[in-house]
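Annotated in TrEMBL:
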COMPBIAS  1-12  compositional bias 'Basic residues'
REGION    1-24  region 'Disordered'
COMPBIAS  13-22  compositional bias 'Basic and acidic residues'
REGION    47-71  region 'Disordered'
COMPBIAS  120-137  compositional bias 'Basic and acidic residues'
REGION    120-146  region 'Disordered'
Amino acid sequence: MSEERHHHHLFHHRQEEEKPSEEVAYSETVYNPSGDDYTSGYTETAVAESASDEFERYEKEEKHHKHKEHLGEMGALAAGAFALYEKHEAKKDPDHAHKHKIEEEIAVAVGVGSGGYAFHEHHEKKDAKKEAEEASGQKHHHHHLF
């Protein structure tokens, strides 16, 4: 191929790659445990996904992270309640106060961990929501006057 023609071919190939398309393609690897030698094992299949399918996938992911965020919040709430209970027990039962204080501190640590998990999932949810908006073309712009 001549130098000029080769350059021309690369130029058009790059233009085709940059065009936005309605479909997104990805590959999916699936394990098939059947006994047939020709079909068993891992197979990779190309899957085309439309923009609406991609939007639905991101919406599902957002819902999934919202659920996990709420689980983290409930864990933090339960651990906080248990910590308060153990603090009360330490005052009420002076013979075992040391044991109750240790359990209170463990409950506080679990509560902090659960709160951190909820915070992490909150940000994952926000990222999924942003990706869903971008996939559907619904980029919301908020204009604040003050």
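Here the Cβ of each residue, glycine as well, is placed from N, Cα and C on the backbone.
In TrEMBL, annotation is done automatically, which means it is predicted and not curated.
Summarised by DSSP class, the composition of the compositional bias 'Basic and acidic residues' (120-137) is 17 helix, 0 strand, 1 coil. For the region 'Disordered' (47-71), the DSSP-based tally of helix, strand and coil residues reads 21 helix, 4 strand, 0 coil.
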